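K.L.:
Have a look at the structure that comes next, please.
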Amino acid sequence: MTRKRRRLMIVGLCALGIGSATALTLTAFQDNLVFFKSPSDIVRETPPGGRAFRLGGLVETGSVTRALGTDGRPAATFRVTDGANTIPVTYTGVLPDLFREGQGVVTLGRLSPDGTFRASEVLARHDEAYMPPEVADALRRSGHWNPTQGPAPAASTWNTRSGS
Amino acid sequence: MTSAPPRGGGLHRFANPGRFLRTTGKVMPWLWGATVLVLGIGLAWGLAFSPPDWQQGETVRIMYVHVPMAWLAMGGYTGLVIASLMSLIWRHPLADLAAREMSPVGAAATALCLATGSLWGKPMWGTWWVWDARLTSVLILFFLWLGHAALVRAFDDPERGARAGAILALVGAVNVPIIKFSVDWWNTLHQPASVTRLAAPGLHVDILYPLLTCALGFTLLFTALILARTRSAVMERRIRGLELASARRHEAARA
């Protein structure tokens, strides 16, 4: 029994050591592990000019204007918000299908001196809500949710609701 | 080999390979039957008879394979960790075999999770792959599975291979909570959990129930595959033992 107990102790101590080492490493690299920065992060600490980074947040309602760029490629300007702060973004290229006002996006690019973010890549980020089209329509009709204003209301209010 | 009565109670009741073969032999047909039934219902329900998502459309059906595979990749690894603990601390003889047979199946589940996720990411996010915390930690899990599968088979002495594999599996256990909470701890492109969260599930029941059925079906399949592989490993070991014994008898007769 003592040998089993000793092996248990050794495994437990190793687990404790590896766990703490991992926790410390992850905390130390916290800044590098985030995939994107929010507008508030950028307002708080402006990244050095000319350095590419990712900016993420929701596409602000009513901020999207689409045009045709000088080279004939589609271009778009919109503002990315996290509620507290917003950053204007310009992008030339094809936007993903899920891109719309109120949708989460992650954009890769550089901040220009005038404060606009020049994106070279726009990825759509969808939230964790999944519902049939009829339910989304019913929520919209009843005024409980406007998808262009942001994420869906608390799931308990709709996840057993029928479409009609 | 099987005649020795198992000493002690608890988990070692199942340590006797003969008893393991007899018990699982009775269970296997039922397990396969339940797998076919539940997985058939779940896949038909999810792929054909459930509604599309309001914004993702039909693409959301990838979820019925992707999410069960992700759960199995992590749940299966937790199983591997438990088997490794039993093998290292209690020297449970069947735990080594089960761990050895688990890793190729777990690697396959993780590969399917990554592949379906990639197929889902291209139309929805606009990219096949990004190095965010969730995707990267699952890729590491895939390499842990592959590494375990290779390591336990890399030694001439199966016991040393089993011990090295168990240590690798235990070290890799630190990755499981990282995968689970990566979407909460850091900004990721991958969305946070929809089902396993404290608030109500973020899926409409018409999508949630077929997903849970598929998850149960794939879990039954995973269990059935591992039990079948472990059973054949036990029988293989038995045959090798018989061959060795007969070779020894021949040797003795010749001398």
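Just so you know, glycine gets a Cβ as well, placed from its N, Cα and C.
On a predicted model such as this, the values are computed, not experimentally measured, just so you know.
Sharing the record's features from TrEMBL:
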type     : residues           : note
BINDING  : A:HIS126, A:TYR130 : heme binding site
REGION   : A:141-164          : region 'Disordered'
SIGNAL   : A:1-23             : signal peptide
TOPO_DOM : A:1-7              : topological domain 'Cytoplasmic'
TOPO_DOM : A:29-164           : topological domain 'Extracellular'
K.L.:
Where does A:HIS126 (heme binding site) sit in the DSSP three-state scheme?
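P.N.:
Going by the DSSP assignment, A:HIS126 (heme binding site) belongs to neither helix nor strand, so it counts as coil.
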K.L.:
Let's check the environment of A:TYR130 (heme binding site): how many other CB atoms sit within 10 Å of its CB?
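P.N.:
Total other Cβ atoms inside 10 Å, all chains included: 29.
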K.L.:
Quick check on the topological domain 'Extracellular' (A:29-164): DSSP residue counts for helix, strand, coil, in that order please.
P.N.:
25 helix, 45 strand, 66 coil
K.L.:
Measure the Cβ-based neighbour count of A:HIS126 (heme binding site), defined as the other Cβ atoms within 10 Å of its Cβ.
P.N.:
20
K.L.:
Sort the residues of the topological domain 'Cytoplasmic' (A:1-7) into helix, strand and coil with DSSP and give the three counts.
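P.N.:
DSSP classes over the topological domain 'Cytoplasmic' (A:1-7) add up to 6 helix, 0 strand, 1 coil.
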K.L.:
In this predicted model, what is the average pLDDT of the topological domain 'Extracellular' (A:29-164)?
P.N.:
86
